[in-house]
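For reference, TrEMBL lists these features for the protein:
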ACT_SITE  Cys156  active site
ACT_SITE  His235  active site
ACT_SITE  His328  active site
ACT_SITE  His332  active site
ACT_SITE  His361  active site
ACT_SITE  Asn365  active site
DOMAIN    13-300  domain 'FAE'
DOMAIN    324-408  domain 'Beta-ketoacyl-[acyl-carrier-protein] synthase III C-terminal'
Amino acid sequence: LLVLLKIWKWVNDKRDQECYILDYQCYKPADDRMVGTEFSGEVIKRNKNLGLNEYKFLLKAIVSSGIGEQTYAPRIMFSGREETPALADGILEMEEFFQDSIGKLLSRAGVSPHEIDLLVVNVSMITAPPCLSSRIINHYKMRQDIKCFNLTGMGCSASLISLDIVRNVFKSYKNKYALLVTSESLSPNWYAGNDRSMILANCLFRSGGCAILLTNNKSLKHRAMFKLKCLVRTHHGARDESYNCCIQREDEIGKVGFYLGKNLPKAATRSFVDNLRVITPKILPVTELVRFMVVSLVKKWNRHGSTKGTTTQGPIKAGVNFKSGVDHFCIHTGGKAVIDGIGFSLDLTEYDLEPARMTLHRFGNTSASSLWYVLAYMEAKKRLKKGDKVLMISFGAGFKCNSCLWEIVRDLEDGNVWKDEIQNYPPKTLVNPYMEKYGWIQDEDPSTFKIPED
């Protein structure tokens, strides 16, 4: 009886350590913050440090970026003060997001702010005491014993780091609610110099955010949307090459910006491969792992065991079939090259990559919150069915690669942030109009070039 009691207690405690998502709310800024082709041209013209070569580079970057004309920028851009931000600009940008998304989320879930036991906020590029988590607690008048964490500087992979904090707290405390808030502050971080490796960030990053409500209360699992199966974090900060490839710094003229090095793809690939080595055995069935081992051994044997005069029939493919254990792929919208690279590595189809491509086109790279826009797209398209598995993959400065696997608890079909426009996606073409509008600049002569008034 004692043995049975201990087994029952272990199983019961294990169930209390589960991590469920009850609901989540992505943020859609007001239409007056939408970035179109005309407005982008006005912003670029305001930077007096740019010349013809920089214009050509920016045009090429934005045309090939995969970003459309309906992304959002902070209000400071529309008042023409991006080069002289005030502290209030960054705070206002965050408060607009907090008050919209958290309010909608708690109201829809029927949960009072006073019921939140754990608050985790990640916004990498703003630190303003009191911290953002304290501002949320003050606005919603949360409990004085709430456990709160405020993460900065963690980059685009921060939402899964925040999730890891929630998961670990849930292991020690039963029947808790957690609120995870993920966004990025762009207002104080516009780059006004002419370093190409730094102006690229201006093309990619856009305003956004997401609030996620989680619990480990097993009595609420029937209301849950997702159940966390596993989470793996990989950090290559000890490698100087990886550490320096994605970093905030000053350029030669003292302008602060976010540097994206040419070795970034290499660093991302290395961290991605190491992350896959750890998470693959956790998410794929044994049959697929055995098949992969057998194929790998045969391939190795053919390479080293062939005799003189023996010809082979060509290379034997030894890739893992991730679709044997994963139904949907939620990929960080770091850029078109990031999406293409992951798609190639995992042998994914255009159907698998569509949610990430559409999110990049519609909302841009919203940093750590981008994964949740991708997830919302899948839900709006009614792809997420009970029992399906969703793999999330994200990258961040440092250099980091984090991934996790979710199990869908019930059929999902709410539109979330895509509700009013999902019928328009995917569009017939993802080509943006920047080349049509500004393509003439490619034929300009540097010795005679002048910026036109119109």
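Going from the start of the chain as shown, residues are counted 1 onward.
Using the three backbone atoms N, Cα and C, a Cβ is placed for every residue, glycine included.
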From the Cα of Cys156 (active site) across to the Cα of His328 (active site), what is the distance in angstrom?
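Roughly 20 Å, rounded to the nearest whole number.
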I'd like the Cβ neighbour count for His332 (active site), meaning other Cβ atoms within 10 Å of its Cβ, all protein chains included.
31
Anything within 10 Å of Cys156 (active site)? Look among the active-site residues His235, His332, His361, Asn365, comparing CA atoms, and list what you find.
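Those close enough are His332, Asn365.
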Return the member of His235, His361, Asn365 nearest to His332 (active site) in space, with distance defined Cα to Cα and candidates limited to these active-site residues.
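When the Cα distances are compared, Asn365 comes out closest.
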Enter the number of other CB atoms within 10 angstroms of the CB of Cys156 (active site).
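Its Cβ shell of radius 10 Å holds 27 other Cβ atoms.
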Reported as an integer number of Å, what is the Cα distance between His235 (active site) and His361 (active site)?
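Just about 29 Å between their Cα atoms.
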Can you break down the domain 'Beta-ketoacyl-[acyl-carrier-protein] synthase III C-terminal' (324-408) into helix, strand and coil residue counts using DSSP?
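The domain 'Beta-ketoacyl-[acyl-carrier-protein] synthase III C-terminal' (324-408) comes out at 39 helix, 22 strand, 24 coil.
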Within 10 Å of the Cβ of Asn365 (active site), how many other Cβ atoms can you find? Include all protein chains, please.
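The answer is 25.
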